[in-house]
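The structure under discussion appears below in the form of structure tokens.
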Amino acid sequence: MDVVTAQEMYEWDQVAMESTGLDGKLLMENAGRAVSSELEKKLDKHQRVMMLIGAGNNGGDGFVIARTLLNRGYSVEAWQVVPDSKVKGDARHHKEIFMKTGYTLYKLEENDDLRESFESAEVIIDAMLGIGVKGHLRGPIKQVVELANEQKAFRIAVDLPTGVPADEGIVEFDAFKADYTYIIAALKVSALVEHTRLYYGEWKVCDIGLPVRKLPSPNRKVWQREDSKRILPKRDANSHKGSHGKALIVGGAAHMPGSIAMSAKAALRSGAGLVTVATPKSAVPTIATYVQEATFLPLAEEEGVIKGPVDFDVSAYDGVAVGMGMGRGRESNNLVNHLVSSVKSPLLIDADALYQLKNILGLLRSRTYPTILTPHPGEFAHLVDQPISAIVQSPFSYSREFSKKYGVYTVLKGPATIITAPNGSQFVDLTGNAGLAKGGSGDVLSGILLAMMLQSGSTTHALNSGCMLHGLTAEMLIEDDHSMVDLLATDLIEGLTQTFRTFSS
Ligand SMILES: NC(=O)C1=CN([C@@H]2O[C@H](COP(=O)(O)OP(=O)(O)OC[C@H]3O[C@@H](n4cnc5c(N)ncnc54)[C@H](OP(=O)(O)O)[C@@H]3O)[C@@H](O)[C@H]2O)[C@@H](O)CC1
Ligand SMILES: Nc1ncnc2c1ncn2[C@@H]1O[C@H](COP(=O)(O)OP(=O)(O)O)[C@@H](O)[C@H]1O
Ligand SMILES: [K+]
């Protein structure tokens, strides 16, 4: 499922029309019909529906939807909330069809006209503005949106909730608060960004018949369950532990043994053949009790944190992860430096190692094997010297720019996790829930990602599938035995069993 900006959507529209001869009026009819068919699954014929219609093409969709629903026997009051003179182009064409079909169009002269209808409406459908919104809402739409947001009715938006920008990075806006949004043709970036996504409510993308083969790729896609299903590792009957990869996990401290222990266990549960944990000597017994299947590389330490020579041999491993529970002392700086320079296999850098990495970002370009960074927005903000708010508001552009600049894979974690390859192509994983917002979930994710990389020929596929397994496990656990409040990172590790059993079958 592609994710587009407003400009990319307009380009698609243009390409569709030029390459196939499909015209805007037909696309609008298709859009309105597609949304109407979805609405039929949601509405009852006796429900009172109010349709709010604007002047641009979003309003044009509104005319088609109102006509289609009225034709099919629904109880719809269609309101044009802008002056007649503003309705132009394809929207005007569909307004004329609506009028000629013989239906009543209510016009907004004063906001008071709307109040009574609003009060009796059970459903409000917003087809006022879509991707063409510019700046803050102006009257009369501004007042209509304010009024609509006060109503008890179920609120549905067409394409975008009016006022919400289609792109990331715009924070000053006022908008219709939808309970559900029927998105036209392609998911818009703002549906996935924290400060705008809540305005959409739940959503569904409606196909309008654009010629998919002709459309330029925005290089931004939602990773789907079927994609992971197709590429999850299969175990050959003749395989042995070496066939599934030898992993090295570096980090931990005597006062923080849990993080690295969970990463190691998650890697084993996700199919890694052998896992070695490199950690301060005094942390080994605690970690070993929890992960009996791992072997250990005890590191020199001082007061429980890594200190002393860190230039151990890493040539025997098929993948390395570093940073979980390691602390941020000076020695860990040397350690990260050593690994970045000498690991000749995929290297995943997480947590405390990301802080050390900041001083040696320039070295990343010289790596010839994949480097994977798994920051949450706070860690990423530190790496790129920006406030966290800037990252959260524009996660797609910051992570794309960073991955291309340093030649790395970036897994920017959050409710929508964005996975960017060194060439800038992006996938979004939408699985998971707020039960994951708890210390340790990221450590589990690192272990899963490392194991998936050992078992896959494609780093991108391994990362996407790993994020999805992590999120689906949280979803499954919430459905079955847990709540979002009590869910623990260790539950996720145990839950992987069920996810692999059901998901890979
Ligand atoms: N892409 C596709 O394949 C297809 C797309 N389709 C649909 O087209 C939609 C995009 O249509 P669009 O380009 O006409 O823009 P749209 O969102 O209707 O807004 C323009 C209007 O808004 C007004 N306006 C702007 N800012 C404002 C503000 N702050 N406050 C108040 N008013 C403001 C602006 O007024 P003006 O500034 O010109 O005075 C103008 O009247 C898209 O979202 C989808 O629904 C489908 O029909 C079929 C195929
Ligand atoms: N509200 C949420 N919805 C979905 N996933 C979430 C949510 N909050 C956190 N996550 C996921 O949980 C993990 C948290 O990672 P991180 O912040 O590194 O945790 P920690 O360092 O404490 O282990 C990430 O995979 C993130 O995508
Ligand atoms: K809308």
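Glycine too: its Cβ is placed from the backbone N, Cα and C atoms.
Quantities reported herein were computed from a predicted structural model and do not represent experimental measurements.
The K(+) site recorded in TrEMBL includes Asn58, Asp126, and the single candidate from Thr101, Thr104, Thr162 that the record places there is Thr162. Site annotation for AMP in TrEMBL covers Lys413, Gly414, Pro415, Ala416, Thr417, and the matching candidate from Gly378, Gly442, Gly447 is Gly442. Contact annotation for binding-site residues (Asn58, Gly59, Asp126, Thr162, Pro415, Thr417) versus ligand 3: Asn58, Asp126, Thr162, each with CB under 6 Å from a ligand atom. Here the C-alpha separation of Lys413 (AMP binding site) and Asp159 ((6S)-NADPHX binding site) works out to 26 Å. Ligand 1 lies under 6 Å from the Cβ of Asn57, Asp61, Val133, Gly135, Asp159, out of the binding-site residues Asn57, Asp61, Val133, Gly135, Asp159, Lys413. By neighbour count, meaning other C-beta atoms within 10 Å, the densest spot among the binding-site residues Gly59, Gly135, Gly414, Pro415, Gly442 is Gly59. Taken together, the residues of the domain 'YjeF C-terminal' (224-503) have an average pLDDT of 93.
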